[in-house]
Each structure stands twice: as C-alpha cells, then as structure tokens.
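Over in Swiss-Prot, the protein carries these features:
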- ASP52: active site, nucleophile (ACT_SITE)
- TYR111: substrate binding site (BINDING)
Amino acid sequence: MNRYRLTVEFDGRNFMGWQRQKHGATIQGSIEEAGASIAGQPTPVQAAGRTDAGVHGLAMTAHIDVARDFTPFRLMEALNARLKPRPIAILSCEQVDPEWHARFSCIGRRYLYRIINRRPPLTLEAGRAWHVIKPLDAETMDIAAKRLIGLHDFTTFRSVHCQSKSPVKTLDHLDVRRIGDQIEITAAARSFLHHQVRSMVGCLVLVGQGQWTADDMTTALEARNRAALGFNAPPDGLYFTQAIY
C-alpha cells in the first residue's frame, strides 16, 4: 500500500464538512470517491483536522492510501480531474512513509477567521466571511484575545457535542488585526476543541462592539460553563490554514 500526503484547498459552502457522512456531500467522501475511481478499489483518506459544514480550507493536510503505484504528480492530476466541478483542489502531492499519519503525526494546527466589517452587503465575499455591520474595535479585541492564550480549561468555548476526552488545551496564539474593512483573527494550537475557534471569535466580536470587556472574557473562561458563552460565530469566515509536523 502506498501512502501519499496531500495539500487540499476547498470551499466548504456546499459541503456537510470534512468527515464522511451517510447523507450529504463531504470533502473526505469526495476525495475518496475520486481516488477509488482511479485505483479501482477503496482509497482511505485521513486529514489533520475535521472541519464543520461551511468551513473552508486553504491548505488542509491529508493522506490517501492507494494500492496501485502512481507518481505523485500523476495522482494529483488524476484526483483533480475527477474532483471537478466540485470546489476541491489538490495543491500538492508527495509519497510518504506508510507510518506517517496526517492526523496523528500533526503537532500543530492553525486557523484564520475573516470578518468583513462594513455596512454594505457582501457580494464577492458572501459565504466566505462573516459580515458584521456594527463597527468593531480590533485593538480591544486583540487585548481580550490575549486573555485566552495558554493552558486553560476551555469548557465555555467547547461544543456540547465535542468528543474530546478533556476540555483542557494550550492555546499558543490568538491574534486580531484590522486590514481596511477586514478583521483577521488567527489561532494556533496543537489541537482545538469542537467549535472552540468559532466560540472564541463570537465572544471577541462582543468585545469589539463594546458589549463585553477583556475582564468579561476572563470571566467567561473561568466559568468553565457553556452557558457563559456569548455566542458562536458562523462557519462562513473560518479557514483551516496550516498543519504543522
């Protein structure tokens, strides 16, 4: 069995998320179907992260197992041909050791959350960013974001459906910056809880709108209670940007 490392870009708007589902289109399912049509047998795919419905990928790392021999370039070209017209692209492909695993070998993950902060409706960015009309103070948001960095119990920022054994995670990086009418929030950690990034972003927007202070963010964190959460940001603005090995 040959294992290939893939870098995958995708527009998550019309998918049920990364993970294969019994009903509905998914990124994993689409790539496995494309691989099976090339190899003539199942081609299991695993990824560094499992994104939700509507979440996008700029550079998701995955691996695919193929029994037949392909050069990486030929496999990449064949997968891309069969993935059309779905908004999924294999950006790179390389053969790796069969023991290497896209998920379990990963030591860090990075996400980007994009907010368009303006009154006019979104056109080109619709479904690819969160449209927030009320003005946001990015500097205040960044100050509050720093309250979350470090080793914490993130129960408040964890989905009730999260399957992680422990709510304790180390958040290595959380940064907020404004570029024109766009606000970019970047987050990095070894791993994240289900909905953790979107939950943190939702609370940061409350801070940016003046409804919360940085102290309120700390209070929510220390509550270790989902009821203390402001709200979840929508999936539209979330992008998986990098897996670190």
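In case you wondered, yes, glycine gets a Cβ from its N, Cα and C as well.
Worth saying up front: this structure is predicted, and the values here are computed from it rather than measured.
Its Cβ taken as reference, ASP52 (active site, nucleophile) is surrounded by 17 other Cβ atoms within 10 Å in the chains shown. Spacing of ASP52 (active site, nucleophile) relative to TYR111 (substrate binding site) is 13 Å (Cα to Cα, whole number). Long-range C-beta contacts of TYR111 (substrate binding site), restricted to its own chain and to partners at least six residues apart, with a cutoff below 8 Å, comprise THR186, ALA187, ALA188, PHE192, VAL197, LEU238, TYR239, PHE240, THR241.
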